[in-house]
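A.B. asks: Let me give you the structure first, and then I'll get to my questions.
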Amino acid sequence: MADNQIPSSVADAVLVKSIEMPEGSQKVEELDFNKFKGRPITVDDLLQGMKHMGFQASSMCEAVRIINEMRAYRDPTTSEKTTIFLGYTSNLISSGLRGTLRYLVQHKHVSAIVTTAGGIEEDFIKCLGDTYMSSFSAVGADLRSKGLNRIGNLVVPNSNYCAFEDWVVPILDKMLEEQEASRGTENEINWTPSKVIHRLGKEINDERSVYYWAWKNDIPVFCPALTDGSLGDMLYFHTFKASPKQLRIDIVEDIRKINTIAVRAKRAGMIILGGGIVKHHIANACLMRNGAESAVYINTAQEFDGSDAGARPDEAVSWGKIKVGADAVKVYMEATAAFPFIVANTFAKEDGL
């Protein structure tokens with residue numbers, strides 16, 4: 001072999017011949033800001049420019065497409081729309097994304113909601129006191145000595161939770177009174193988590209609240225883990241205050257209610273921000289109808305640990321929670337960074353905002 005020739009074994013290893021790409025293969029496209037010179041750049045400009053960028057930019061644009069198709073559907077016989085289940089974790093209500101979630105509920109863009117206890121109480125607490133920016137590296141012991149509770153790079157003064165107790169306990173008293181007065185009557189009151197949230201949404205009477213709008217628009221809000229947070233603390237304290245009488249909250253009636261909504265849906269769509277109970281509760285309801293027709297997951301969890309949060313949509317297909325052949329995507333992004341862009345190009349776009 002001549003010194004000026006590449007060894008054949010090296011050439012065979014490195015210079016592998018490519019096949020012809022199939023007809024219609026999408027090329028990677030670049031976002032060229034020169035195209036927007038001399039005019040304002042819109043959200044639509046950005047999303048269209050990111051569509052074929054690759055990685056999570058393309059996944060986010062796929063989420064936009066799926067949600068827009070979700071919203072455009074009409075049953076050919078009844079003209080019924082897609083039943084859209086929205087799920088989100090409590091930290092998103094603590095963050096400024098709360099306003100985006102409130103917008104969806106205020107304008108009746110979703111059919112039902114599932115969240116955690118924190119996702120309920122933090123909404124009401126933010127009507128009673130402010131949440132502040134902090135730092136992910138703020139020292140826990142220092143914050144504890146100052147009565148400040150950290151949520152990522154946010155802090156909530158402990159006094160906000162005291163204000164929440166002052167507000168919610170009299171309502172719990174009234175609910176117990178109504179429950180006891182109805183015993184043995186034809187209209188006996190059976191409180192459920194969704195009924196409790198509905199009542200609190202009415203009582204807060206504040207347009208900044210997500211659940212005020214859920215009450216006003218009669219959008220059911222489910223919280224199977226209602227006791228897992230400050231609201232649970234208040235219910236615990238109330239058991240002593242009210243003893244021997246006890247407020248009863250029935251989770252069985254609520255599981256029947258959410259599953260029935262899924263079963264009766266002409267078409268079901270899931271938009272789930274975060275993971276855990278909010279993700280699985282919606283997916284499991286859709287199992288009752290052999291799966292949702294479309295799904296958008298937005299979270300940063302990985303699947304290698306077998307967690308519910310990390311699971312991709314295809315895992316839900318294996319369980320019958322998303323239909324075979326359904327339109328689904330998982331966007332591996334933190335929801336506060338991704339969801340405002342998605343809403344701007346879906347729900348808010350129709351509203352002309």
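Sequential numbering from 1, following the chain as shown.
Placed from the backbone N, Cα and C atoms, the Cβ positions cover glycine too.
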A.B. asks: Check Swiss-Prot: it lists Glu121, Glu122, His280, Gly306, Ser307, Asp308, Glu315, Ala316, Val317, Ser318, Trp319, Gly320, Lys321 as binding spermidine. Then name which of Asp75, Asp173, Asp218, Asp233 it lists for that same site.
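C.D. replies: Site partner of Glu121, Glu122, His280, Gly306, Ser307, Asp308, Glu315, Ala316, Val317, Ser318, Trp319, Gly320, Lys321 for spermidine, according to Swiss-Prot: Asp233.
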A.B. asks: Going by Cα-Cα distance, which of the binding-site residues (Ala117, Ala301, Ala335) sits nearest to Ala316 (spermidine binding site)?
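C.D. replies: Nearest by Cα distance to Ala316 (spermidine binding site): Ala301.
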A.B. asks: Using all protein chains shown, find which of the binding-site residues Glu121, Glu122, Asp233, Asp308 scores highest when you count other CB atoms within 10 A of its CB.
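C.D. replies: Compared across Glu121, Glu122, Asp233, Asp308, the most Cβ atoms within 10 Å surround Glu122.
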A.B. asks: Between Ser318 (spermidine binding site) and Ala301 (NAD(+) binding site), how many Å separate their Cα atoms?
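C.D. replies: Approximately 19 Å lies between the Cα of Ser318 (spermidine binding site) and that of Ala301 (NAD(+) binding site).
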A.B. asks: Consider the binding-site residues Ser90, Leu92, Ala117, Gly275, Ala335 and say which one has the Cα lying nearest the Cα of Asp233 (spermidine binding site).
C.D. replies: Ala117
A.B. asks: Do any residues at least six apart in sequence from Ser94 (NAD(+) binding site), in the same chain, have a Cβ closer than 8 Å to its Cβ, and if so which, in order?
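C.D. replies: Gly118, Glu122, Lys126, Thr131, Ile151, Leu154, Val156 - these are the non-local Cβ neighbours of Ser94 (NAD(+) binding site), listed in sequence order.
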